[in-house]
Amino acid sequence: MGKKLLGTNYPVSICFIVVNEFCERFSYYGMKALLTLYFLNYLKWDKDLSTAVYHAFSGLCYFTPILGAFIADSWLGKYKTIIYLSIVYVIGHVVKSVGAIPTVGSTELHIALSMSGLILIALGTGGIKPCVAAFGGDQFGEEHVKRQKFFSIFYMSINAGSFLSTIITPILRGDVQCFGGDCYALAFGVPAALMVVALVVFIAGSSLYKRTPPQGNILWEVCNCIGFALKNRWNKSKHDSPRQHWLDWAEEKYSMRLIQEIKMVLRVLVLYIPLPMFWALFDQQSSQIIAVLHPFCVPSQEAGEIVPHKIEDVKANNVHIAYQIPQYILITAGEVMFSITGLEFSYSQAPANMKSVLQAGWLLTVAFGNVIVLIVAEGAGLEQWIEFLLFACLLLGVCIIFSIMAHFYTYVDPEEMDKLYLENSVREEDDSDFKKKNNEIQLNKTGKSTRM
């Protein structure tokens with residue numbers, strides 16, 4: 001557990017975590033890069049349905065972190081949660097790959113296998129997502145600077161995995177032919193193999209990890225505390241004197257430490273409310289743009305022949321595709337700064353027993369971003385350029401709102417708070433011991449005087 005990387009002061013355990021994250025992100029983004037085209041070309045869905053299912057899947061992947069965080073912090077711990085849900089993740093990839101084999105059953109079976117695989121993948125990737133980042137942060141203890149650098153390295157592995165996969169898997173789909181057409185089965189099978197590698201690598205480092213045991217059903221306790229505070233405030237606010245914070249109404253039943261920890265988490269979650277708009281704009285790169293660039297000649301295979309369903313004579317565009325490069329560079333730079341900061345901030349501002357919960361809260365911003373896309377993009381029926389402009393204007397407004405909110409946010413050091421509560425509890429124990437001894441002395445004195 002105390003082993004360090006050669007030439008550095010970093011724990012060796014982070015190597016296994018970083019490699020695991022690289023392979024897992026290669027697996028996820030490699031599969032996801034083909035989803036829209038898979039829906040359009042293989043399952044023969046239209047653009048609207050393909051985009052809707054894509055964003056529904058993306059949203060589900062970022063709602064399930066709540067489940068993973070609950071299991072990790074309350075029941076199994078981060079290590080076991082990562083392993084068990086990674087197995088679910090692998091099964092989902094295998095099912096998805098089998099669904100992409102044309103000779104396996106009918107179209108209905110392909111759809112059933114594909115949707116089942118996607119649900120399992122969403123459960124696996126979402127469930128481990130808050131745990132892996134928090135588990136990596138746990139390896140550093142109170143070493144804040146090293147932990148901040150780790151999150152940068154961690155996010156670099158995410159981007160490296162996603163970048164390579166989005167290049168490699170489309171090549172596997174288009175350049176490798178199988179079953180008389182594009183090889184979706186191979187293109188989905190390679191991400192499945194990388195997920196197996198991710199699981200094996202993570203297990204290989206098990207003897208080196210620093211593990212934090214689960215703290216009991218903390219999420220349930222938090223919900224009960226909030227419910228009791230609201231109920232108590234409603235029943236007694238008319239008669240009792242006002243409290244400084246609405247959660248203070250739970251003091252009669254719950255400890256001050258738990259109340260303060262919930263306050264910390266809620267303050268951060270409130271700060272996250274405007275952030276889904278960033279992801280609503282960012283995640284359209286993978287669905288709306290691909291759907292726009294989808295080829296106008298959509299072939300299908302009938303009796304061994306390629307039959308075009310629709311052919312349009314489109315004039316050449318006089319705007320060079322290279323003009324998109326600056327936009328992609330700016331969006332990527334913004335996403336890197338946004339995500340790394342969010343990961344580290346979510347970890348540093350969370351109490352020890354709620355690290356995964358707050359990581360899940362951060363990931364929920366991505367989920368709600370995809371929900372916004374589903375509502376606006378699919379419900380409003382706007383033209384593409386109007387839609388992009390609308391999201392850009394909304395994000396500008398959100399930036400202003402978030403800047404004002406961030407200005408009034410006060411940083412908290414959970415570890416300092418832990419030390420303070422520890423000192424206070426020691427003092428309280430000492431005071432109670434002193435009072436107990438003092439009472440015993442008084443009783444002894446009283447006993448002597450009575451006998452005399």
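Heads up, the Cβ atoms here are built off N, Cα and C, so glycines get one too.
According to TrEMBL, the transmembrane segment annotation covers 52-71, 83-105, 111-132, 153-172, 184-205, 264-282, 357-377, 389-412.
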The transmembrane segment (111-132) in contact with the transmembrane segment (357-377), cutoff 8 A, at least 3 CB pairs, sep 6+: yes
The transmembrane segment (83-105) vs the transmembrane segment (264-282): 3 or more CB pairs under 8 Å: no
Tertiary contacts of the transmembrane segment (264-282), as residues 6+ beyond its ends and Cβ separation under 8 Å: 222, 247, 331, 334-335, 338, 342, 345-346, 349-351, 354, 357-358, 361-362, 364-373, 376, 388, 391-392, 394-395, 398, 401-402, 405-406, 409, 412, 414
Long-range environment of the transmembrane segment (357-377) - Cβ separation under 8 angstroms, sequence gap at least 6: 51-52, 55-56, 58-63, 65-66, 68-70, 73, 126, 129-131, 133-134, 218-219, 222, 265, 268-269, 272, 275-284, 287-288, 342-343, 345-347, 349-350, 387, 390-391
